[in-house]
Amino acid sequence: MVEVLPSILSADFAHLADEVAAAERGGAKIIHVDVMDGHFVPNITLGPPVVKSLRKATKLTLDCHLMIENPDQFIPDFAEAGANWVSVHYEACRHLHRTLEHIREHGMEPAVVINPATRVNFLIDVLPMVHHVLVMSVNPGFGGQKFIPFALDKIRRLKELREEYRLNFHIEVDGGVDHETIASVVEAGADLLVAGNAVYGKGDGETGTRELTLAALTAAGQAREAKKPEAVGKAS
Ligand code: DX5
Ligand code: ZN
């Protein structure tokens, strides 16, 4: 099952509760929350107090993507604020294994994120402990950037590793996912599809979520179809 995760980075920050409610009406079950500290990435967004307010405004799953230095320091605060999933960057964690354990100990689902320049193979030893791996398909920091196509190879590689080691983590993709690129990420094997600009860019998060979800589900249907032996027979 594929899911579109609206990223509130592209929403109106003065009306976050309304923006999340719009995404929910459009069918969203998970909201992607981008946390930036101005050090790990060249932008500043929000932190635990805003997550706490979002928690009061919605029952949807809050997927917090931490683009911050020293994420360990803030894990208790995100737990307290009501975050459900917390992802940390491989590039920001000196002791990634400990950090992932720390997130789980605080009752949240741990995930690891890799920047475009980081290889999937560095993650092999921690794959059994994560709820999902987040593949960045842009350099993190801003919404509305262009999709980097080699992210597709990383998604395929993660899918292979999941099969090889008989694991069941999800594969999330973030950055430049829109109506043009969504079919390719679904076909590569991603099931959690973050989208900011494509959902909120036109100022209507409900329609944005609904239309992009439809595109994702259509692509997933086609991806399944392509794998059926009879479909292969038909095509040849
Ligand atoms: C970028 C963030 C993304 C961002 C994606 O650093 O991690 O979640 O919102 O935005 P779009 O979908 O516009 O590329
Ligand atoms: Zn993100």
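Here the Cβ of each residue, glycine as well, is placed from N, Cα and C on the backbone.
Pulled from TrEMBL:
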BINDING   Ser7, His65, Gly141, Phe142, Gly143, Gly144, Asp174, Gly175, Gly176  substrate binding site
BINDING   His32, Asp34, His65, Asp174  divalent metal cation binding site
ACT_SITE  Asp34  active site, proton acceptor
ACT_SITE  Asp174  active site, proton donor
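Here the features listed in TrEMBL are placed on the structure.
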residue	record	DSSP class
Ser7	substrate binding site	strand
His32	divalent metal cation binding site	strand
His65	divalent metal cation binding site	strand
Gly141	substrate binding site	coil
Asp174	substrate binding site	strand
**Asked** If the divalent metal cation site is taken as the center of the Cβ atoms of His32, Asp34, His65, Asp174, which further residues of that chain fall within 8 Å of it by their Cβ?
**Response** Leu5, Ser7, Leu9, Val33, Asp63, Ser87, Leu134, Val194, Gly196
**C-alpha spacing of Gly176 (substrate binding site) relative to Asp34 (divalent metal cation binding site), in angstrom** = 15
**Prompt:** Where the criterion is a Cβ under 6 Å from an atom of ligand 2, which of the binding-site residues Asp34, Gly141, Gly143, Gly176 meet it?
**Reply:** Asp34
**Fill in**
Whole-Å Cα distance, Ser7 (substrate binding site) to His32 (divalent metal cation binding site), is 5
**Prompt:** Taking every protein chain shown into account, which of the binding-site residues Asp34, Asp174 has the largest tally of Cβ atoms within 10 Å of its Cβ?
**Reply:** Asp174
**Complete:** In this structure, the one of the binding-site residues His32, His65, Gly141, Gly176 whose CB has the fewest other CB atoms within 10 Å is Gly141
**Message:** Just to verify a number: CA distance, His32 (divalent metal cation binding site) to Gly143 (substrate binding site), in angstrom, no decimals.
**Reply:** 12
**Request:** Would you mind listing, in sequence order, the residues at least six apart from Gly143 (substrate binding site) in the same chain with a Cβ closer than 8 Å to its Cβ?
**Result:** Ser7, Leu9, Ser10, Gly196, Asn197
